[in-house]
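Single-structure report; data block below.
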Amino acid sequence: MMFRTLDDANVQSKRVLVRVDLNVPMANGEVTDLTRIERIVPTIAELSRKGAKVILLAHFGRPKGVASDENSLKHVVKPLSKVLDHSVHFAEDCIGDKAKAAVDALKDGDVLLLENTRFHKGEEKNDPEFVQALAANGDLYVNDAFSAAHRAHASTEGLAHVLPAFAGRAMQAELEALEKGLGNPARPVVAIVGGAKVSTKLDLLSNLIEKVDALVIGGGMANTFLAAKGLDVGKSLCEHELASTAREIMAKAETTKCAIILPVDAVVGWHFAADTPHQTYGVDSVPGDAMILDAGELSTDLIASAIDDAATLVWNGPLGAFELRPFDTATVKVARHVAKRTKEGKLVSVGGGGDTVAALNHAGVADDFTYISTAGGAFLEWMEGKPLPGVDVLKK
């Protein structure tokens, strides 16, 4: 995929509207995780260094077109300034007189954060009038928010039709990593898909079995597939009503020559709680009163072996109830094996999705993967093979 980057833009003395992701976790008006802020620093710093007037656009929360203190981006100014090591101005609106006055006051190299775009209903409707009102304060548009690229909103897609549009460095890194993961990957490719429910990942599974050489199914999702094969999963989380769908996916995988890897043994417990008594059973002998809470040792060895044969790995979702020890064992063990193969230069590894990032951080290996995507919905839709409006408009 070819797309325009900052290398193609002349930004000196230009007003550059930069769409960023500042939808950061907050508690009592304080930012509790700086990851998303840290990701946008390279783009902002580069534009400022090159003499642009940097104007940041972002949403926060779901205010539905109504301004409120709790969803104001003013709370992000201080941590953003600190991480950026550069003063950040703030405007109390993203359009109109307040925004214009703040933009007009900027000198080359200055950074300005405009108020939450979602305080206006036109943002989520991609309303042409709202797009023009935003565009009035810019000469160029840079999108650095891959996490919002699956939404065709005014600040993520609309602006790219009315101003020269470029990908920021975080967006560029994400797109290049994803291209390595599924776009044009080194083969064989293995995908790990875990998490609780098959119902939320049907499109994902259907797309992957056409693109990967092996598909590892773990977490609560695996129980639905085991049940579909006629196995008793006891009191495990299981969507029995999707048994026929699971069988269809397995049948389709046979025609596309995609090997499906399911657990062969499971760690079961009798209560959904940390440190509850637990035991390992073959998946064909799970006690009727127990629930599967993690993949067993034979299963993790099987997954590790598939990873050893792979050149590329894409991971979305944990292999067990990783938030409850000791049911994090399979996820941690496999994650560390992926990290080891990646560090040895034998594997390109891409992971993404909320629970996945938390699980890989828990295993202490997030930094050892080739790339970790912090984009939840956009990463999933990319894995599902769906078009991303915010990306498509940046293509050359």
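Glycine is no exception: its Cβ is also placed from the backbone N, Cα and C atoms.
As written in Swiss-Prot, here are the features:
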BINDING   Asp21, Leu22, Asn23, Arg36, His59, Phe60, Gly61, Arg62, Arg118, Arg151  substrate binding site
BINDING   Lys201, Glu323, Gly353, Gly354, Asp355, Thr356  ATP binding site
Is it possible to get the count of other C-beta atoms within 10 angstroms of the C-beta of Asp21 (substrate binding site)? 25
If one measures from the C-alpha of Arg118 (substrate binding site) to the C-alpha of Glu323 (ATP binding site), what distance in angstrom results, rounded to a whole number? 33
For Asn23 (substrate binding site), the same-chain residues 6+ apart in sequence with C-beta under 8 angstroms from its C-beta are Arg36, Ala58, His59, Phe60, Gly61, Ser147, Ala148
Out of Gly61, Gly353, which of these binding-site residues shows the lowest number of other CB atoms within 10 Å of its CB? Gly61
Between Thr356 (ATP binding site) and Asp21 (substrate binding site), what is the CA-CA distance rounded to a whole number of Å? 19
Could you round the CA separation between Asp21 (substrate binding site) and Lys201 (ATP binding site) to a whole angstrom and send it over? 24
Other CB atoms, at most 10 A from the CB of Lys201 (ATP binding site): 24
Once the chains shown are all counted, how many other Cβ atoms turn up within 10 Å of the Cβ of Asp355 (ATP binding site)? 18
Whole number in angstrom, please: the longest C-alpha to C-alpha distance across Asp21, Leu22, Asn23, Arg36, His59, Phe60, Gly61, Arg62, Arg118, Arg151 for substrate. 18
Near the Cβ of Arg118 (substrate binding site), how many other Cβ atoms are there if near means within 10 Å? 25
